[in-house]
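Worksheet for the structure shown next.
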């Protein structure tokens, strides 16, 4: 049974917090089976790959880790839980982690919005933030938040790091390496567009950038920025926008209230994670990726080149998902021009509604973080 603490030298360590849940199990399977294929050159034989899995349910995580450890890939798996003691608790899970992925929390149930989840999941994320601050090397780690509502939970994490852990975070640049995972919105937009316009003509998947937030009308699928959208009627496009914005509800309904979007979310999260892992492994110096992140650093200054212009375009909404250039040190530039490339409907109708709702979500997260002991 994989309880061992993995000593990390010249290797890659990915930690998954909430690994026994619906998303966590599927994501862990993808990481276990696919991580080795991200290695290049000499790293294929020398780089140690580690997957550390944490969950509050000891029995469940022990089972998941044991099951995964039987898969024939060179990725080492370890199980961690609060009941396992210091030698296999969350500290050993997070120690030396290069990437921390957080699907932990309560999943959505029928009739629940992402906001309904907030009070429960915000406390969980705050506790995990404390553990990350205590056990991770904040100068290098990337943190990817899947737990919903992303629009409010990422601000909770930022605020908690900036205030409660001020001494630990100073000078680390960690705020440039904390993101909410919104990749599923892009996956859905691209999939749904192909279903309508060219499913039978090619296996190539179209790419549709999706910016803003990660719930309802804060999600802005930019169909105008894919040439295939020229084939859409207004009714088709309106339908696709709504389907992307409320795709999670479609899955919950299809599962008759007995589950949510776990498989597609795990797929999207893995696609997101592998981008950052490629940077960490040195396969590329930088990536251009769309994730939900802060536009301000912990001193209240624009976080990178382009952030100030984007802030001006989104009514100073301090968190926003847009294309960002990311290196090993974190966000280096923000693509503010994507707003200027929006068509009239996107810019004049969707963007103001997104910003209005998103600013409230961010404020809710920050208010909660202030009140949390």
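Glycine too: its Cβ is placed from the backbone N, Cα and C atoms.
Database features (TrEMBL):
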DOMAIN    13-159  domain 'Lactate/malate dehydrogenase N-terminal'
BINDING   18, 19, 20, 21, 22, 23, 24, 55, 121, 146, 147, 148, 265  NAD(+) binding site
BINDING   108, 114, 148, 188  substrate binding site
DOMAIN    182-368  domain 'Lactate/malate dehydrogenase C-terminal'
ACT_SITE  214  active site, proton acceptor
Query raised in the report: Helix, strand or coil: which one is residue 18 (NAD(+) binding site) in, per DSSP?
Result: coil
Query raised in the report: Among the binding-site residues 20, 121, 265, which ones place their C-alpha within 10 angstroms of the C-alpha of residue 148 (substrate binding site)?
Result: 121
Query raised in the report: How many neighbouring Cβ atoms, not counting its own, are there within 10 Å of the Cβ of residue 214 (active site, proton acceptor)?
Result: 29
Query raised in the report: So what sits near residue 24 (NAD(+) binding site) in its own chain, CB-to-CB under 8 Å and at least six residues off in sequence?
Result: 16, 18, 53, 55, 64, 103, 104
Requested in this report: Would you measure the largest Cα separation among 18, 19, 20, 21, 22, 23, 24, 55, 121, 146, 147, 148, 265 for the NAD(+) site and round it to whole Å?
Outcome: 18
**Report entry** Length of the line joining the Cα atoms of residue 22 (NAD(+) binding site) and residue 188 (substrate binding site), in Å
**Finding:** 19
Report summary line: Simplified DSSP label at residue 214 (active site, proton acceptor) comes out coil
Requested in this report: Give the distance between the Cα atoms of residue 214 (active site, proton acceptor) and residue 265 (NAD(+) binding site), rounded to the nearest whole Å.
Outcome: 12
